[in-house]
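The annotation compositional bias 'Basic residues' is assigned in TrEMBL to 296-311. Under the heading domain 'Small-subunit processome Utp12', TrEMBL lists 809-912. TrEMBL lists 296-326 with the feature region 'Disordered'. Per TrEMBL, repeat 'WD' is recorded for 55-96, 97-130, 139-192, 193-227, 397-437, 478-519, 576-617, 618-650, 660-692.
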Amino acid sequence: MVQSYLRHGPTQAFGLVCSSSSNSVFDGKLAYVPALEDVLVWDVKKGRMLAMWHETGHRAEVTCIQRSPQSQVFAVGYADGSIRLWNAASESVITTFNGHKKAITSLAFDEPGTRLASGSQDTDLTIWDVVGETGLYRLRGHRDQITSIRFLPSSRDLPSTSTSTNPGYLLTSGKDTFVKLWDLSTQHCVQTIVAHRSEVWSLDMNREQDLFFTGSGEGEVKAWRIDADILSTGLKETETGEVAQFIHLVASLPLASRHRVSQISFHPTQAYVSVQSHDRSVEIFRIRTKEEIRKKQARRKKRAQEKKKQGKAAAEEQAEEDEPEITLVDMFTPHLVVRASGKIRSFDYGSDDKNAKPGIQLFVALNTNTVEVYNVPPPTKSKEDAPEATRSFSVDLPGHRTDVRSLCLSSDDQILASASNGSLKIWNMKTTSCIRTMDCGYAVCSTFLPGDKHVAIGTKSGEILIYDIASSTLIDTIQAHTATVWSIQVRPDERGMVSGSADKDVKFWDFEQKDAAGDGVQSGRLITLVHMRTLKMTDEVLSVRYSPNVKLLAVALLDSTVKVFYQDTLKFFLSLYGHKLPVLAMDISHDSKLIVTCSADKNVKIWGLDFGDCHKSIFAHEESVMQVAFEKGSHYFWTAGKDKMLKYWDGDKFEGIQKLDGHHGEIWALAVSNHGNFVVTGSQDKSIRIYEKLDEPLFLEEERERELEQIYEAGIADAMNREDAPIGSGVEDGLTPSTTQAEVTAVSKQTTETLMAGERIIEALELADTERATFRGYEEAMAKLSEDDPMRLQPPARNPVLAAYDLEPEAYVLRIVEKVQSATLHDALLVLPFGKIVSLMYYLTAWAQKGWNIPLVSRIMFFVLKVHHHQIVANRIMRTTLIPLRRHLRAALQSQKEMMGYNLAALQYMKRRNEAERTAQFYEEEDWDEDKVRARIAEGKKRKRVTIKA
C-alpha cells in the first residue's frame, strides 16, 4: 500500500499593516496599502482593516497601486508583470492584463479612466484599453526602468470623421535619465530630454497641466514648461527649419537635502506641492498666486528704500525695474516639513473634506510596517508661531516594526507570541488579532512558561525577560548571560528551563512562585527563575534541547558539532559531527529516538540518539536552514530556510513531503502546533503565516509529478515569450538586442492560462468537427435511398458532451470561446495551428449568419486575418469560406450600426428635451433672459431645502 500524507495549505497571513514594495493610496478616510501579495484597506481613524484584496494562488508581490477616475476601480501592478483591475466595492478582480516580463513600476489612467498606461522594469510602456479589456500597443524607447507616467490631454479638436480614436500625449520618466513625450495618435516618441545627470525617480504635473517637475537621484528638482500651442498643432517646423520643442526647461528648485528625490506630488485641488527627498521627511511647498508675489516684491522694494534712507544701503544701488520678472522660485515657497517616525516609502493627500479642519491631510506609508496621517495647517500671518504638522492618526499596532525573530505557541494553541527587535506581541490564533503589545530589547528566542500566563524572552544583550500576559507588564529581568541568549527551552517536566548563550555557558534554571506585590498591576502568583547550575562549553552555544523523556540534553556549538549530555549528571554521552557549518537549530522526536539538526551549510541531518549515528543527510534548502521542528507525535518534521521556503519531511523515509512558499523574505521563526494540526512561520518581511493541515490526502509520486509539470509549463511559456534574433545574426543567446527592436509593437505574453485556453479551443473545434462529419456522412448515405427504403437507419448518437449541454456544434464552440477572458483571447488564438484556423473560419461564418456575439466574431476575425494573412492569401480553399463570411458579417455589422445610430439619436433627443424643460422652469421662476438661464444651467443649480406646510 502506498503511504499517503495529509496536505497542508496556507490559510492566514497577518502581522502586516503595510509593506514597502509599493506606493499607497489614500482618499481622506480609507487607505489602500500593499501587504506583500495582497492589498489591504484600512480605516485609519478607527485603525481597523476593512478588506483584504487577495487572489487565491497568486504569489507575486504588489509593486504599484493606482486609483482610477472611476472611484471604485483600482489598478494594481505585481512583481510578475501582471496588472489586475480590482473593484473596491465587491473586492473582486474585474480583469487581468499580462504583457510585461518584469515587475510593474508605474501606472496611470487617462482622464475618463478608459485607458491605462503601465511602465515596467523591462523598459516597455504598454497602453491598455480598460473597457475592451485588451492591450492596445507597446511602446519602446526607454533603456531602463520606467519610473513615472502622466497622461496629457490633447487640445486638438478633431472632427467627428477623424480615424484617430485616442488622441493625447503621454509623459514618461525613467532611470535612464530621460524624460520622453509620446504622441498617442501616431504612437511615437516626439521628444526626448536628458533631464538629469542621474536617474529620474519621480515626475508630476500641476493642475493646469502646463508645468511639470522632475526629481533625480542626486536630490535635484527641475521644473519644465509644456508649450500648449505646439502641443495642439503637433510636430511642426519653425521658420529656421528646426522642429519646434514641446518642453522647455524653466528652473531648478532648491531643496533642503541632497538625497534621492523619490516622490513629487502636486495637491489635486489646493496650491501645494510636496517633495520627498529625505528618508524620514516630506517638504511641502506652497504655490503663491501672482498677487501675493507682487505684494512681496513691493514689500522688498519698500524695505530697500528705507535702508537707503538710513544710509545703510550701498552707494551704487542698482536701479530697480518697475515690474521685476516673476521667477519660478518666487512662486514656490517652502511651507513646512513633515517629519515621520520612520523611513517613508510613499505619501498621498487626503481628499478635501468640507467638515475637516483647514489645511490639508498628508498620508504617509512607512518602511517600518506603519501608516500615519498628518494634518498640515494653512499658512499663518504672524512670523512667530510657524505652522507645524500634527499627527492625527497612526496604524501601527497590528504588526512588528522589524523582522519577526521568534515565535512560540501556548500549550492549548490558542495564543501565539511573536518577538522582534523592540516589541513582543501576543496574538489570538482564532481571530489573528493582536491582543497585547509589550516593549522589549532585541529578542532572539522566546517560550511560554508553564501555565501559559507568562512569556520568557532571550535577548541579544544576554538578559532573560519575563512578561505577565494578563497585565502586559515586564515582571522580571534576569541578567542571565554576558552575550546573546541564542536558545531557551522549558524542561519537559515543566519544573525548570535551560538557556544557551554566546558566552559559552549553558545555564539551568528552576521556576519559583512568588506573590505579586501589593502596589503592582499584577495579581495572583508570578513565576521567577532561580539559577541552579552552569555547564561550561568550549565554544559559543547556538541551541539547546531536552529530550522529551528528560534523560538527555543536546547542545549545538559554533564549531559545527552537537554535544549530547546526560541531563541529571551532565556527563558527556555523544558528539554528533558532520555538518560543515554551525548547527542553527535542532529538535528531538517525541519518543526521544531521533534528533534532527539543521545548519548554515543548507543541510538537514537525521541522527539516532542511541548510538549517535547519522541516518541521513538531506540537502534541504537553497540557503541556510534557520529552523527545524518535529510534528508532535510523529517522525515528520518541518524546516524553514533563508530561501523563503517552508518544507515538510518524513524522518523515517527521508523523503520531502511538501514544499510551501508564501513568504517574501527570509524565514527566521517557526512554531509547530502542540496538536499537530498547523504550523506558524515568521519572516523578515514582517508577516506571520499559518499553514493548516487539510483533509486532502497527498501522495508523493503525484506531488513530484505536479512539481515537474509546473516547471515544464513555465518553461513552455518562457520559450514562447523569447524574442529570438535571426539565425546567423551573431547575437549571443539568440536574444534580440533592445536597440534593434521596433518602437511600437503589439501586446502579447504567453502564460499557462493562455496556453490552456488555446488547448480548450482546439479540443472544442475537434469535437465539433467530428460531430459535423458524422452527421454529414449519415445525411449523404440517407440521401441516396428513397423514403420507404428498408435500409434507412436511425441517426447516429450525438456526442455525449453536446447532448449534455443540448447544443449544436457551432453553439458549443462559441460557448467555449466566450469563456476565454477578453484580455487573454489574442494570446490563446496564437496557440492554434493553421489547420484549426481554417475550421474556426467556418464557425465564424455560421455565427455571423445567425448574428451571435458580433463584436467577438469581428475581433477574432480581424486578429486571425492579421496574423495568418500570408497563408490565407496563398490558400485558394479559403475563398469559399471568406466570401460568405464577408457578406454575413457586413450585414450583421450594418444592422448593429443602425441600432446604435437610432439609440444615440433617441438619447440626444431626451437630453435636448430635458434642457428645454429646465430652461422653461427657470423662465417661470425668475424673469431672466435666455443667456443668463444657460449660464446658470452650466453652473448646475443647487437644490434649496423647502419646508412644505400642510
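Positions of Cβ are set from backbone N, Cα and C atoms, glycine also.
What TrEMBL says about a protein is an automatic prediction, not a curated fact.
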Mean of pLDDT values spanning the domain 'Small-subunit processome Utp12' (809-912): 88
DSSP assigns the residues of the repeat 'WD' (478-519) as 0 helix, 24 strand, 18 coil
Based on DSSP, tally up the residues of the compositional bias 'Basic residues' (296-311) by helix, strand and coil. 14 helix, 0 strand, 2 coil
Long-range neighbours of the repeat 'WD' (576-617), counting only residues six or more past its ends (CB under 8 A): 542-543, 545-549, 551-552, 554, 556-564, 623-630, 632-635, 637, 639, 641, 649, 651, 654
Under 8 Å Cβ-Cβ from the repeat 'WD' (97-130), and at least six residues away from its ends along the same chain, one finds 61, 63-70, 73, 75, 77-85, 136-151, 153, 166, 168, 170, 172, 174, 176, 182, 184, 721, 738, 747-749, 751, 753-754, 823-824, 827
Using DSSP, what is the helix/strand/coil residue split across the repeat 'WD' (97-130)? 0 helix, 20 strand, 14 coil
Residues outside the repeat 'WD' (193-227) whose C-beta sits under 8 Å from one of its C-beta atoms, at least 6 past its ends, are 144, 147-148, 150, 152-153, 171-180, 244-253, 255, 257-266, 268-269, 273, 275, 277, 287, 328
Per-state residue totals over the repeat 'WD' (193-227) - DSSP helix, strand, coil: 0 helix, 20 strand, 15 coil
Going by DSSP, how much of the repeat 'WD' (397-437) is helix, how much is strand and how much is coil, in residues? 0 helix, 25 strand, 16 coil
Helix, strand and coil residues within the repeat 'WD' (55-96) as assigned by DSSP: 0 helix, 23 strand, 19 coil
Could you tell me how many residues in the domain 'Small-subunit processome Utp12' (809-912) are helical, how many are strand and how many are coil under DSSP? 91 helix, 0 strand, 13 coil
